[in-house]
Amino acid sequence: MIGSVLTKVFGTSNERVVKRLLPIVEQIGALEPEIEKLSDEQLRAKTAEFRAYIAKAVEGVDDEDEQHKAIQRALDDLMPEAFAVVREAGRRVLHMRHFDVQLIGGMVLHQGKIAEMKTGEGKTLVATLPCYLNALAGRGVHVVTVNDYLAKRDAEWMGKIYEFLGLTVGVIVHDLDDEQRRQAYAADITYGTNNEFGFDYLRDNMKFDLKDCVQRKHFYCIVDEVDSILIDEARTPLIISGPTDQTTDKYVRVNRIIPALEQGEEIEKGEEKILTGDFVVDEKHKTISVTDEGWEKIEQLLGIGNIADPENWDLKHHVETAIKAHSLYKRDVQYVVKDGEVIIVDEFTGRLMPGRRWSDGLHQSVEAKEGVNIRREDQTLATITFQNYFRLYKKLSGMTGTAETEAAEFDKIYKLEIVVIPTNRPLLRVENPDVVFRTTQEKYFAVADQIAELNKNNQPVLVGTTSIEKSELLSQILVRKGVKHVVLNAKYHEREAEIVAQAGRLGMVTIATNMAGRGTDILLGGNADFMAKQELLKKGMARSISPAEGAINPMAAQGMLRFYYQGQEFETTQENWDRVFAQHSASVAQEREQVLAAGGLYIIGTERHESRRVDNQLRGRAGRQGDPGASRFYLSLEDDLMRIFAREWVSTLLQRLGMEEGVPIESRMISNRIEKAQMAVEGQNFEARKHLLEYDDVMNKQREAVYGLRNQLLAGLDQKELIVEDYVPNILSGIFDEYAPEKQHADQWNWEEIRKKLIDHFGFDYQVDGLDVADLTRHELGEEVFSRLKERYLAKEQFIGEEPMRYHERMIMLSVLDGLWKDHLLNMDHLKEGIGLRGYGQQDPLIEYKRESFDMFEAMMNRFQEDTVRYLYLMQIVGPDGQPMQVPTRLRPADASPNGVVHAEPAPLNGSAPIPEQAAPPPPPAIPTRQPSTTIDAIEREFEKKKQQELSHARMAGGGDGSDAVNTRRVGEKVGRNDPCPCGSGKKYKKCHGAEA
C-alpha cells in the first residue's frame, strides 16, 4: 500500500532514471540549430576536436584503471555535443533523425546499462550514438549481433554515419582469415557475432606471437538482443577442441540395445515413489532414471557383469546418454538431420546451429540413433562461457525489446541495470486474452479457422510455433483449408529476413518458429527495401561481391551502393537503387493504407514458451511505432508447459470444468497458472545458468592466471629472471625438502635420489662437477648447487647468444604451458563429471570441486616449472658441421662464444615425450641416460603444426593480467604459509608474496 502511494508521488525507479536524462535531451536539442549550420567538412572536423579533448584528459595518467575513469569523465563531458553531431550526420546520410527517446536510449547504453526498447523503435540507429562517442577514445568498440547477416547489414547500414564522421568500421564474420580479422578489430567500431568474438579471444590465447593476435583489449561492448545472447546462450560454453583417438564403436553397440528397453513411469504410493519399467523420464528436469530391473536387462543385453564395476563406469555413462538421446531429444524439435549430419536447433530462436555439438557423448549418441556418421569425441583445447567472456569488457551495455522479466539475473551475473525506454508513439496493439482447448488437435483446428477468417479480410497474420514439427502440422491443415501461406522454420532459415520483412503485406499468412525474424522489422504494406533488392537482382542490375573483397574494401566506391540479400553482398549504382526504391516505396505506401484499414498485423501464438520473454517477443512483432495490431495465444491442456509443469492441476481442472470437445475456455485463473508455471521454469533455468557459472568461475581464475602468463611471455616478460631466480630455486627446494629434510641429519639424507633428481632436472652431477657435499649444511648445499646451476645457465646463454636464448625460452615455456593446460582442461572435465556424487557423502560438490581443482592447478603449475627448466638445461648445442658441441659450464669472455646452432627435444604438448639430456659432460653410467632427438627448427615446426591443428579444429560445442613473478628465492629453506615473508614487509608470507605465488 505504502509502496503504491510512493510510486504515485515519486514515480517508479525507471521513470526517475529517464527523468534525470531529460535535461541532457534538451541540451542536445538546443545545440541542433548550431550543428545544422556546419558544412560536411566542419561536421567531420568535430571528431578530431573531440579526440583531442580526450587525449588531453588522459595526459600524464599511466595507471590503466585511472585512464579508463578519465576517459569516461571526458566522454560524459562530450556526450551532448557528440550526440548532436551523430543526430545531424544521421539526417544528412541516412535521412533518419534520432527521436528524443532514441537519445535517451543512447545515453543509457553509454552509461553501461541495458536499454529495453519496443520492436520498431529503432535500436540499430540508437546504437550509433554510444558507438560514435566511445569510439572517440580510440580503444575500439564492439557491437555484438545474433548472426552474421545482422552484423553485415548493420555495419554497412550504420557504417555510412561513422564513415561520414571520419571513423572506420569493421565486420567479423565466419569466413575471414587472421589478417582480415586483425584489420576489422583495428577499426574504431567492429560488428560481429558473440561466437566470433568469443572464439577469437580463445584463439588469440593459443598464439605464439603477439603480432599474430587479432583482438585488442576489451574496452566497450554493446550487445544487441542482449537477452538472447547473455541469457539464452549462457548455458552453452564456447569450446575449441581437437579430436581424440577414441573409437566410436561403443555408441553403435549401446544404441542397438535401447529399443529393447521399456519406458515406465513414476507412481506415488503415499510418501513412497515407485519406478516401473526399465527407465523413467523426467521431462521437467530433462533427466532419466534407470531401474534395478533395467540395469539387469542392460547387463544381459550387453553381455557384461556388474555395470557398477569400475571397468564398466564408462559403459554405464554411455547407456544413460543413449537413453536420453532416444527419449528426450526429438528429430525436428531439438535437432534436424541435414546432409547426413545432426544439426542442433536453438530452442529459443528455432535457428539451426551448424558446427555446434552437444558434449559428454550426447551428440555421438544422437548420431548413432539417426544412423549417420559418428564423429569421434573431442578433447577441449580452450573454453570460456559467455558470462565470463563478456565480463572481460571494461564497460558492457545491451539493448533488446524484452529484458525486464530477467532483471534479477542481469543484475546478479553482469551487474547490469535495465532501463525501459518510453515509446516514441503510444502502443495501439490489442492484447486479447488466451483461449484454452482440451486437446492439441482442437487447438490447431481453431487456429486454422481464425486464420481463414482473418484472411477473408486480407489482414496479415503471423503465427508463432514452438518447433519445426508443429509449424508443418499447422501448414498441412491450412493447405487442406486452401489458405495460402509461407512457412519459416530452421529448414528454410536462409530466407528468414526476406519472409519476415514481407509478413506485413496485405493478406499474407506467415507461420514461423520462435525465431520470428528478430532483427528484421515487419513493415505494414511490405518492405520496399527488400522489393528493390529482388528487382535489381532479377533484372541483373547488381553484381555479387566476394566475402574477401567485401572485407578488404568494406565501403562502396563513389556513385555505387552495396546491399545484403540472403547472406550475400551485392553492388549496384546509386542511380539504379534510387529509381527502383522510389517505385516500390510508392506502391508500399498505398498498400500500407489498406493493411491499416484491415486492422494491422495479427499475431497468433500456438503455445506458451517456457520463457515469458519469448512470448513477449512474439507479441512485440505487431504494433510497431504506433501501428494498430492485435495478438492472441491459443493453448491446450496437452501443451508441454501445462503437461510437464502443471499436470496435477490440469487434471483437477478438467474434472471440475467438464470441458467439452472443441469448446474453448477463457479464464484469468488459467492465465495466472500458466504465468506461474513459466516463472517456475525461468527460475529453474536461472539456477542452471548460475550453477554453470559457479563452476566456470573456478576455472576462470585459473584461465586468467594461464592466459595472463602467456600474455606476459608474448609481451616480453623477463623470463630469464623468472626461470633462474624463481623456478630453479622452487625445484631445488622441492628436491631438498623431500630427500634432505631439515630435521634429519645429513647422514640420513637420500644422496642417491638427490643426485638422480639433479641430473634428471638439470643435467647436473655434483660428483662429476667436483662439488664436495660431505660437510655442507642444508642451507650451504642449496646455495652452492643454486650458484653452480645459475652459472651453467648463464654460460649456455653466453654460448648461443642472449636473443636466441630468450626466443627459445619463450617458445618452450609457451609450448609446455599449452600442453599442460590442455591436459588440465581434460582432467577438470573428468572432475566435474563425477563431483556431483560427493553430495551423497554429505559434502558440498562445489566446495569439493574448488578444493580439488586448486590442487590440480597447483600441481600443473609445478609441472610447468619443472618441464620448462628441464628442457632449457638439457638443450644440446650443435655446430655448423652438425656435430654436438660441448657446452661450457663456466662463464667465458663473450668474444669466445662460437656460433652454435641449438638442438633440443620438442616440448611435448601432452607432457609425456622423453626429455633429452645435455651432451657433455655425460652422466655417470649408474644413472640411466636419455637420448636427444630433434633440432630447434623441428621444435618450431612441431609447435606451428600443433597450433594450426588445434586452431583448425575450432568449433562450437556447448585474461586477466596474471600475477607478477615472485623474485624471492627459496633455496635450502621452504617458507611456510604463516611465516614472515622474506621480502621484509612484516606481513605473513600467504598475505604477501605467497598470495602472488
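Every residue gets a Cβ built from N, Cα and C, even glycine.
Annotated ATP-binding residues in Swiss-Prot are Q102, G120, E121, G122, K123, T124, and among D449, D521, D529 the one listed with them is D521. Each of the binding-site residues E121, D521 was assessed for Cβ neighbours inside 10 Å, and the highest tally belongs to E121. Comment: ATP site residues Q102, G120, E121, G122, K123, T124, D521; largest CA to CA distance 17 Å, whole number. Sequence-distant contacts of K123 (ATP binding site), defined as residues of its own chain at least six apart whose C-beta falls under 8 angstroms from its C-beta, comprise G105, A115, M117, D224, M399, T400, G401. The ATP site is set by Q102, G120, E121, G122, K123, T124, D521; from the centre of their CB atoms, other residues of the chain with a CB within 8 Å are M117, T119, L125, V126. Under DSSP, G120 (ATP binding site) is assigned to coil, being neither helix nor strand in the three-state scheme. Cβ-based neighbour count (10 Å, all protein chains) for Q102 (ATP binding site) stands at 27.
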